[in-house]
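Engineer: Below is the structure I would like to discuss, written out as structure tokens.
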Amino acid sequence: MTKKPISKASVDPFDSDSDSETKSNLRHSRTSSAPLNMKPNATPGSAAKNRYKNDFRDSGGLENQSVQELEGYAVYKAEETTKAVHGCLKIAEEIREDATNTLVMLHQQGEQITRTHQTAANIDRDLSMGEKILGSLGGIFSKTWKPKKTRAITGPLITRDDSFIRKGNKQEQMERSGLVGGPKGRSNPRQNNSEPSSALEKVEVEKNKQDDALSDLSNVLDQLKDMAHGMGSELDRQNNALDHLHDDVDELNNRVKGANQRARKLLAN
């Protein structure tokens, strides 16, 4: 009998088990190594920011961190400082806006005091005419009556700084109060020719932003100082004007009382 040749397609059971196990191991190794091909995020995640916020107290402190972690920490701190400086600048600009409105209201109040005092001066002219008429009335043998005047009514005090107040020009008021040309705008931010790539470049960019914001903050504080000086000068002027108005009103009040007494005597006769 002739022996049948062994077919190449026949499979050794031991070889089959080893092949299937090898394929399974290959699939498992590919699956387990797949996440290694993922790209890391360019920006630190929430976990990294939490570590930065507490200065790595939960992970061994600064001395136990890698160079990459420390670089990210430096960038994070620089960005937080920039936000804080911009927050201070925003508050200062809001204060400047409120101070500007207060200055305008003070000037308007000064105008009202001036108009009130001018009205008192007009009353003085009308009262003088009435006093002359009251003095000319009465019989031939009646005693001559003259109004009692202790001081002259001079009207509102006009100082060198009052001209712009009476005009009611808001822009001129602001310029005279130290805001020459109005509030200064923010400085132009520095332009970066290329996007920063390293941590050192990012920190440098943040420092430039901080310098620009601090320069703007200094300008706003200078303006607030000038505005405070303008407010003080305006309040002093108005206090003096009110004292003078009070004296004139008292004089007019006494003269009106005397004129009323003269009129009652004439009516009684």
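Every residue gets a Cβ built from N, Cα and C, even glycine.
Keep in mind it's a predicted model, so treat the numbers as computed, not measured.
TrEMBL feature annotations, pasted as is:
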REGION    1-64  region 'Disordered'
REGION    162-201  region 'Disordered'
COMPBIAS  162-175  compositional bias 'Basic and acidic residues'
COMPBIAS  188-197  compositional bias 'Polar residues'
DOMAIN    204-266  domain 'T-SNARE coiled-coil homology'
Engineer: Is it possible to list how many residues within the domain 'T-SNARE coiled-coil homology' (204-266) are helical, extended or coil according to DSSP?
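Structural biologist: In the domain 'T-SNARE coiled-coil homology' (204-266), the DSSP-based counts are 63 helix, 0 strand, 0 coil.
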Engineer: Return the average pLDDT for the domain 'T-SNARE coiled-coil homology' (204-266) as a whole number.
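Structural biologist: That region's mean pLDDT is 94.
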